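Chemist: Below you'll find the structure I mean.
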Amino acid sequence: MSGTNYRTLAIVGSQWGDEGKGKITDYFAQQADLIVRWAGGDNAGHTIVIKRNKYKLSIVPSGAFNKKSMNVIGMVVVVNLRKLSYGNWVIYKQHGFDLLKNLRISDRVHLIFPYHMKIDELQEEYRQKDSIGTTKKGIGPCYQDKAERIGIRLGDLFDEKGFLQKLENNLKFKNEVLQKFLIVKDLTKINLKRIFWHYFQQIKSLVTDTSILVDNAIHNHQKFYLKEAQGVMLDLDHGTYPFVTSSNPTASSIPVGVGIAPRYINNVLGIVKAYNTRVGTGPFPSEIFGEVETYIREAGHEYGTVSGRARWIGWFDGILMKHSRELVVILVWLIMLLDVLTTIKELKICVGYEYQGQQIDYVPSTIKEYEMCKPILITMPGWDEDISNVTTFEGLPHNAQQYLMKLEEIVGVPISLFSVGPDREQTILMNKEIF
């Protein structure tokens, strides 16, 4: 890479989410002036470990644990105000972090209401065996209201009369829908106004036009870091539809979600695990079964931060990563949880798919085709040495080095960082010119 000192760094989950974006955001936040989350909602969780203390977050950007940086919730994020209330700030206050000073929220974010969560739950029950595995946080129905132009944005609460009118209009229809599904308890305008007004007063001073904040940061040559939730394979358009999220967590959506021109994005990092996981429903060609599956799940603590659900476990999928590389235009990538693979005697890597007797090297666009794909695997020797205290690539066991080099060869993108444990200090940066 050139000697450019990158000012704008975007990180994109390149699998099915849960790749470790929270940890990496916290890591780079130590150098950033601004951290911006541009999409998703509180359906995605992030776990950060600092000096062996574990913190689980959902809506506040992971950079909140850096007192020097400003954290921004961008305009395409959907927000449950209760998750931003004072009661959820205890974790930060206990460690000396004041969100009133280092958090700002776009006045354009759409709000999640109780009726969104109820409808989300009902839709999942109605689908039965065809459930898509939603977290039932109301994310999809909120984005649906946005697309139908009946959504309520955070900035609407500054106009009490206008807010109440929009809420009343929505409740007329939402209550009718809920009653038809035998949920007879009405969601009333008065009750919702009281709840939302209470939460709004707590965060009112944080609400602003964040696109101006970001624009000023760019022109003042500040370093800022862009982060999404979920991953490329959960993208509404490019993922395994319909088993996807309701937003676009690929780098191409950054300009819309943040409010900047594409030319300001200097570098895009793809983040992946040294193996593969997914949660919910949908095709997963490289899935592992048996003892190795159980070992990786327990060693990697592979349970959803928000849902608590056990994640599916799979071998590293090179075809999926090439798909992500092309969609996101990944310049460098980061390998997380390499330590989890320690003591596994044979490691496998998916290098192709078998589909109807033919070998293919791409991700099919339809679920039916993708579900019929079988992995074509190569085998590499594992390692037994503890790598949790390694601080350089050269300090890794020979087989671990060979494994990383093979992944780099398959994907065709240089690895710039790898992780050997959950703590911030267990992050090894191989290319110091990233940021």
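Here the Cβ of each residue, glycine as well, is placed from N, Cα and C on the backbone.
Residues or ranges marked as GTP binding site by Swiss-Prot on the basis of sequence analysis: 17-23, 45-47, ARG311, 337-339, 419-421. Residues or ranges marked as Mg(2+) binding site by Swiss-Prot on the basis of sequence analysis: ASP18, GLY45. The IMP binding site annotation in Swiss-Prot covers ASP18, GLU19, GLY20, LYS21, ASN43, ALA44, GLY45, HIS46, THR135, ARG149, GLN230, THR245, ARG309, and the record cites sequence analysis as its basis. Annotated active site, proton acceptor per Swiss-Prot: ASP18, in sequence order, evidence recorded as sequence analysis. Per Swiss-Prot, the feature active site, proton donor maps to HIS46. Annotation source Swiss-Prot lists substrate binding site at THR305, VAL306, SER307, GLY308, ARG309, ALA310, ARG311, citing sequence analysis.
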Chemist: Please report the Cα separation of GLY17 (GTP binding site) and ARG311 (substrate binding site) in Å, rounded to an integer.
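Modeler: Taking the Cα atoms only, GLY17 (GTP binding site) lies 11 Å from ARG311 (substrate binding site).
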Chemist: Highest CB neighbour count within 10 A among the binding-site residues LYS23, ARG309, ARG311?
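Modeler: Max Cβ neighbours within 10 Å, all protein chains included: LYS23.
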Chemist: Which of these binding-site residues is closest to ASN43 (IMP binding site) if you go by CA atoms: LYS23, ARG311, LEU338, VAL420?
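Modeler: Considering only the listed binding-site residues, the nearest one is ARG311.
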Chemist: At the level of the C-alpha atoms, what whole-angstrom distance separates GLY20 (GTP binding site) and GLN230 (IMP binding site)?
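Modeler: Taking the Cα atoms only, GLY20 (GTP binding site) lies 10 Å from GLN230 (IMP binding site).
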Chemist: Determine the minimum-neighbour residue: among ALA310, LEU338, VAL420, listed as binding-site residues, which Cβ has the fewest other Cβ atoms within 10 angstroms?
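Modeler: Selected from the binding-site residues ALA310, LEU338, VAL420 on minimum Cβ neighbours within 10 Å: ALA310.
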Chemist: Tell me which of the binding-site residues ASP18, LYS23, GLN230, LEU338, VAL420 ends up closest to ALA310 (substrate binding site) in space, Cα to Cα.
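Modeler: Smallest Cα separation from ALA310 (substrate binding site) among ASP18, LYS23, GLN230, LEU338, VAL420: ASP18.
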Chemist: Taking just the CA atoms, what is the gap between THR135 (IMP binding site) and GLY308 (substrate binding site) in Å?
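Modeler: Cα-Cα distance, THR135 (IMP binding site) to GLY308 (substrate binding site): 10 Å.
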Chemist: Fewest other C-beta atoms within 10 angstroms of its own C-beta: which of the binding-site residues ASN43, THR135, GLN230 fits that?
Modeler: THR135
Chemist: Could you state the CA-to-CA distance between LYS23 (GTP binding site) and GLY308 (substrate binding site) to the nearest Å?
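Modeler: Per the Cα atoms, LYS23 (GTP binding site) and GLY308 (substrate binding site) stand 18 Å apart.
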Chemist: Determine, from DSSP, whether GLY308 (substrate binding site) sits in helix, strand or coil.
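Modeler: Going by the DSSP assignment, GLY308 (substrate binding site) belongs to neither helix nor strand, so it counts as coil.
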Chemist: Nearest by CA distance to VAL420 (GTP binding site): which of the binding-site residues is it, out of ASP18, GLY308, ARG309, ARG311?
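Modeler: Given the candidates ASP18, GLY308, ARG309, ARG311, the nearest one is ASP18.
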Chemist: Just give me the nearest neighbour of GLN230 (IMP binding site) among the binding-site residues ASP18, GLY308, ARG311, LEU338, Cα to Cα.
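Modeler: Nearest in space to GLN230 (IMP binding site), counting only the binding-site residues, is ASP18.
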Chemist: Spatially speaking, which of the binding-site residues ARG309, ARG311, LEU338 is closest to ASP18 (Mg(2+) binding site)? Use C-alpha to C-alpha, please.
Modeler: ARG311
Chemist: Roughly how many Å lie between the Cα atoms of ARG309 (IMP binding site) and LEU338 (GTP binding site), rounded to a whole value?
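Modeler: It is 22 Å, counting Cα to Cα.
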